[in-house]
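Database features, via Swiss-Prot:
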- 1-25: topological domain 'Extracellular' (TOPO_DOM)
- 5: N-linked glycosylation site (CARBOHYD)
- 26-46: transmembrane segment (TRANSMEM)
- 47-54: topological domain 'Cytoplasmic' (TOPO_DOM)
- 55-75: transmembrane segment (TRANSMEM)
- 76-99: topological domain 'Extracellular' (TOPO_DOM)
- 97-189: disulfide bond (DISULFID)
- 100-120: transmembrane segment (TRANSMEM)
- 121-133: topological domain 'Cytoplasmic' (TOPO_DOM)
- 134-154: transmembrane segment (TRANSMEM)
- 155-196: topological domain 'Extracellular' (TOPO_DOM)
- 165: N-linked glycosylation site (CARBOHYD)
- 197-217: transmembrane segment (TRANSMEM)
- 218-237: topological domain 'Cytoplasmic' (TOPO_DOM)
- 238-258: transmembrane segment (TRANSMEM)
- 259-271: topological domain 'Extracellular' (TOPO_DOM)
- 272-292: transmembrane segment (TRANSMEM)
- 293-312: topological domain 'Cytoplasmic' (TOPO_DOM)
C-alpha cells in the first residue's frame, strides 16, 4: 500500500450486540442483572472462604481465586458492553482496545490453568487421600496458583504483541461488543499470516495441555471411584467432582470455539453469542454451580448468616 493512500486509525467504534433501541434496553437490563449477580455471587464466595475456617483447604483456595478471576473476566467486558446499549457505537482508543484484549486474555487463560490445578487437586484428594496434606501443601498450592496467573499473562502478552504489530488503515468499526482478537484481525490491513497463527497456536497449546491434565486426572479419579466398595464413598467422590466438571465443560467448550477453530468456520454473530456466554454468563454461573452442589459451602453460608444475624 502506498504511503499517503490511507488514514491511520487512532480509535475504534464497537458496534455492540444490536442496533435496535428496544432490544438494547431489554439487553441492558438483563445483562445489568447478570453482572450484579456475578459480582455478588463471586464476592460472596471469596468472603465466605476467607471467613470460614472449615473452608481453609486447597480446594477452596482454588475456588476463591476462580471467583476472583470471574470477577475480573466479567468486569473487563461487561461495563463497556452495558455502555454500548445506551449509546449507538462505543468509541475506544486503539491503546484502550489492546489493553482490554490483554486483560481479557490474561483472566481467561489464568482460569484455564486454574481449572487444571483444581482437577489435579481432586485427583490427589480421591486417589491418594493419605498423601493429600503433603502433596497439596501450602507451598504447592501457592505454586499452582502463581503458575496459573503467570501463564495467563504470558499468553496475554503474546496476543498483545501481535495486536500491537497489526496495522489499521481502513474501517475502524468493530462488529463486536468488546475488543476481541478475531474482529481486530479482520479490520487489519497487515497481511502477515503469523499474526493469525501465533495466537491460535498459543491458545490451542494451552487448551490441549490443560484439557489433557483435566482428562487424565478424571480418568484416574473414575478408576479409583469404581474400585470403592462403599456406595456412600462413591457418591461423595462423584459429588465433589460434578461441580468442577460442569464448570470445565462450559468454559473449555466455548473458548475452544473462539480461539482454536478457524475464523472461516463461524460467523461474526456466532462469535458474539459464544463470547457473551464465556465472558458474561459463565462467570455468573460458576458461584451458583459450586454453591448449590456443595454441602460444605452451604453449611458455611448458614453459619455466616447465623453469626451475622446474632451480631445484628
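Every residue gets a Cβ built from N, Cα and C, even glycine.
Neighbour density for residue 189 (disulfide bond): within 10 A of its CB lie 13 other CB atoms from the protein chains shown.
Along the topological domain 'Extracellular' (155-196), the predicted structure has mean pLDDT 88.
For residue 97 (disulfide bond), the same-chain residues 6+ apart in sequence whose C-beta sits under 8 angstroms from its C-beta are 12, 174, 179, 184.
Comparison of 26-46, 55-75, 197-217 by number of C-beta pairs under 8 angstroms to the transmembrane segment (134-154) places 55-75 first.
Around the Cβ of residue 165 (N-linked glycosylation site), a 10 Å sphere holds 12 further Cβ atoms from the protein chains shown. Taking every recorded stretch in 55-75, 100-120, 238-258, 272-292 and counting its Cβ pairs under 8 Å to the transmembrane segment (26-46), the highest total belongs to 272-292. In this structure the alpha carbons, written CA, of residue 189 (disulfide bond) and residue 165 (N-linked glycosylation site) are 11 Å apart. According to its DSSP assignment, residue 97 (disulfide bond) is helical. Residue 165 (N-linked glycosylation site) falls outside any helix or strand according to DSSP and counts as coil. Sequence-distant neighbours of the topological domain 'Extracellular' (76-99) (same chain, 6+ residues past either end, Cβ-Cβ under 8 Å): 9-17, 19, 24-25, 27-28, 31-32, 34-35, 38, 107, 160, 163-164, 168, 173-174, 177-179, 184, 279-280. Sequence-distant contacts of the topological domain 'Cytoplasmic' (121-133) (same chain, six or more residues past either end, CB-CB distance under 8 Å): 58-59, 62, 217-218, 220-221, 224-225, 237, 240-241, 244.
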